[in-house]
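*Asks:* Pasting the relevant annotations from TrEMBL:
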type	residues	note
REGION	265-294	region 'Disordered'
TRANSMEM	6-29	transmembrane segment
TRANSMEM	157-178	transmembrane segment
TRANSMEM	184-211	transmembrane segment
TRANSMEM	236-258	transmembrane segment
Amino acid sequence: MVSVVRFIVVLIPLIFSLAALVLGALACAGSTKNASPINHIYEFKLDMTEVDITKLITKNTILGAFTSLSGVTISGSDIGLSDMYTIGQWGYCKGDYDDGEYKPSKCSDPQAMYVFDPVKLLVEDLTSGTLDITSDDLSLPESVENNRKQLKIASKAIFITTIIGIVASALTFLFTIASFCSHIISFISTIFAIIAFLGYVIAAAASTAAFNRVKTKFNDAYSEYGMKGTLDNNRFYGLIWAATGLALIVVVLEVLAICCGRTKKKSSKEAKSQTPPSPNEKEPFMGYQERQVV
């Protein structure tokens, strides 16, 4: 059996690595399913509640003729748009406001390395509505295409590094279980712990920087259309940064586990041989033998 010190030294990083794995997996799974809390974990939110359809869609003759003749103001919901779109690493969820609260109604099918494309997203919903809308009907700034290319690179990097962090956390957890009786296995689990930390920290930093930039660029380009991008929900960023912090703690604890704590208890024979003699214990008597003279 391992010593008490060894048990504690290995148990703590084992718990922390499991926590980092769970938090990282939750962050990655955001917006993959229309079920709480998954549908409320996202990197970016697109607010369409105040969208100006007449500015957004100026090249569609049917819509233009209808608004000109009727004089009726058309809202986004009238032509198939939702109030909100939330973007995750695998896709997006959409829904409407109900009593001042965002309630997702549907999520897209999960797609690895999903890239937020506002034009494609809008066209898909507009096509499913009452109008036959194409991307050519949308009057969007020319900078949209350049921003989309940059976001595509960032999204792939964020997805890959998050997956690396999750897989490395799982391997760290498994090897830590096996390291109670081996310092060598602790060394191996330390390597995976370092990889997990690097994966998480890159994903966390890249997502924070990229989507803050997306928010700024998006609002600069789309504010005149009544569309707004926000990062008002901190669940994703809280989860990914918490996983990063835990992964760093695991690295430190795994390094300590390499050299701390005996991997097995001393045997009774070894313990007895190392026990100093009692002061009351007498040395055995050695009798005197006379030399016999031949």
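Yeah, the Cβs are placed from backbone N, Cα and C, and that goes for glycine too.
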*Asks:* Under an 8 Å Cβ to Cβ limit, what residues of the same chain, 6 or more beyond the ends of the transmembrane segment (6-29), are close to it?
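*Replies:* Contacts with the transmembrane segment (6-29): 37-38, 41, 88-90, 159, 162-163, 165-166, 169-170, 172-173, 176-177, 179-180, 186, 189, 193, 196, 200, 236, 239-240, 242-243, 246-247, 249-250, 253-254, 256-257, 260-263.
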*Asks:* Same-chain Cβ contacts of the transmembrane segment (236-258) under 8 Å, 6 or more residues past its ends?
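*Replies:* Same-chain contacts beyond the flanks: 9-10, 12-13, 16-17, 19-21, 23-24, 26-27, 30, 41-43, 88, 162, 165, 169, 172, 176, 179, 183, 186-187, 189-190, 193-194, 196-197, 200-201, 203-204, 207-208.
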*Asks:* Which residues of the same chain, at least 6 past either end of the transmembrane segment (157-178), have a Cβ under 8 Å from a Cβ in it?
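*Replies:* For the transmembrane segment (157-178), the far contacts come to 10, 13-14, 17-18, 20-21, 24-25, 27-28, 89, 112-114, 185-186, 188-189, 192-193, 195-200, 202-203, 206-207, 210, 240, 243, 247, 250, 254, 257.
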